[in-house]
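A.B. asks: Encoded as structure tokens, here's the structure I'll be asking about.
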Amino acid sequence: MTPRSRGPRRRPLDPARRAAFETLRAVSARDAYANLVLPALLAQRGIGGRDAAFATELTYGTCRARGLLDAVIGAAAERSPQAIDPVLLDLLRLGTYQLLRTRVDAHAAVSTTVEQAGIEFDSARAGFVNGVLRTIAGRDERSWVGELAPDAQNDPIGHAAFVHAHPRWIAQAFADALGAAVGELEAVLASDDERPAVHLAARPGVLTAGELARAVRGTVGRYSPFAVYLPRGDPGRLAPVRDGQALVQDEGSQLVARALTLAPVDGDTGRWLDLCAGPGGKTALLAGLGLQCAARVTAVEPSPHRADLVAQNTRGLPVELLRVDGRHTDLDPGFDRVLVDAPCTGLGALRRRPEARWRRQPADVAALAKLQRELLSAAIALTRPGGVVLYATCSPHLAETVGAVADALRRHPVHALDTRPLFEPVIAGLGEGPHVQLWPHRHGTDAMFAAALRRLT
């Protein structure tokens, strides 16, 4: 089943719904990123104000809720979603999201979607869309969940995953990471559906957080001394960001970079290394803080595009950039402080990437865990005795966090430091340690993990 070829199109979707639909198609057909495609479409077409806000809600909400929407669509259509034409399926997702999770009038949600189906296809396909959406509109989300979700008593994790539109394996990974606090699972999953504030980082020695907050009409952050919150807006248009006085960076990432500089190291000679530097936000913070103690940062990044971003974000700072694989750098060992912000599944930042929860697969974990262990081993080899490695990920998956650290402790002459004091007293109540796991529902940050290791010999 493919879209038909026809004459001039009539009665297209309104601009907001059209932008949302085209973004959904880009995500489905080209593996594009909604948070990159949609803003460009809105700017190109001059869509602003309420229309832009509506398009954003439809796009990001539909991307996040895809699994739940597909289950409802499949039940209403009495066929597998995979058997439905991909273009029709995206239209159905857009319509179903409006019916179940917005206050849009049901008639408007159905009629606009059916009209677009008639433009994209023919009357028969439009009739199919009409029938499915009218069936869905006959019940609210709670009713559909009650019918389709796993039983909450027999499968609480599966039930929570369905209700909050996450793949079950991700909900299980969060539950495993929470451990004794598994009762917070629903709060973790719900936080992924909340639109996060934009976090900025004031460049140390250039601008204070207070000065930045006044310049951009934001709010000084709760934890990082560099953080400023913006409720919404395009940070790339802000003068301090354009001029290099501030960076767009989650507050948790700021705390990770700061933690490395606070780790106790006797006889610090100022040789610092960022082994996984792209896109350069943490490198810039390290270099800015390093200026206060005459430290120099070596940044390693193999990706050409990400290396270019490192160069852009660290211009004017004492940073040496090497465009090589962090596992094979040919660098002379002896670094005092090494940051390994390892490539990961990004499960801790799903709230910032609407489609990511459905794009990631369980098989990704094993490949990334292998890479993470290799990078951590390389970092330890480059660290001098008495020096510190800070290992971090923006994923709470145990294979990517405590699993990687446990592997390093078994195979290398390192000792795990209590990482909590490097975050306290800024953040209290970090648990039993020795490592730190931040959570969006507790701290308002991405779910960053951090572990500090001291090399012994």
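Each Cβ is built from the backbone N, Cα and C atoms, and glycine gets one as well.
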A.B. asks: According to Swiss-Prot, Cys276, Ala277, Gly278, Pro279, Gly280, Gly281, Lys282, Glu301, Asp341 bind S-adenosyl-L-methionine; which one of Asp234, Asp243, Asp325, Asp364 is annotated to that same site?
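C.D. replies: My reading of Swiss-Prot gives Asp325 as the candidate in that site.
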A.B. asks: Per DSSP, Asp325 (S-adenosyl-L-methionine binding site) is which: helix, strand or coil?
C.D. replies: coil
A.B. asks: Taking the residues Cys276, Ala277, Gly278, Pro279, Gly280, Gly281, Lys282, Glu301, Asp325, Asp341 listed for S-adenosyl-L-methionine, what is the greatest CA to CA distance in Å, to the nearest whole number?
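C.D. replies: With Cys276, Ala277, Gly278, Pro279, Gly280, Gly281, Lys282, Glu301, Asp325, Asp341 as the binding residues for S-adenosyl-L-methionine, the largest Cα distance is 19 Å.
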A.B. asks: If you count Cβ atoms within 10 Å of the Cβ of Gly278 (S-adenosyl-L-methionine binding site), leaving out that atom itself, what do you get?
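C.D. replies: Taking all protein chains shown, Gly278 (S-adenosyl-L-methionine binding site) has 23 Cβ neighbours within 10 Å.
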A.B. asks: Let me know the DSSP-derived helix, strand or coil state of Lys282 (S-adenosyl-L-methionine binding site), please.
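C.D. replies: For Lys282 (S-adenosyl-L-methionine binding site) - judged by DSSP and reduced to three states - the answer is helix.
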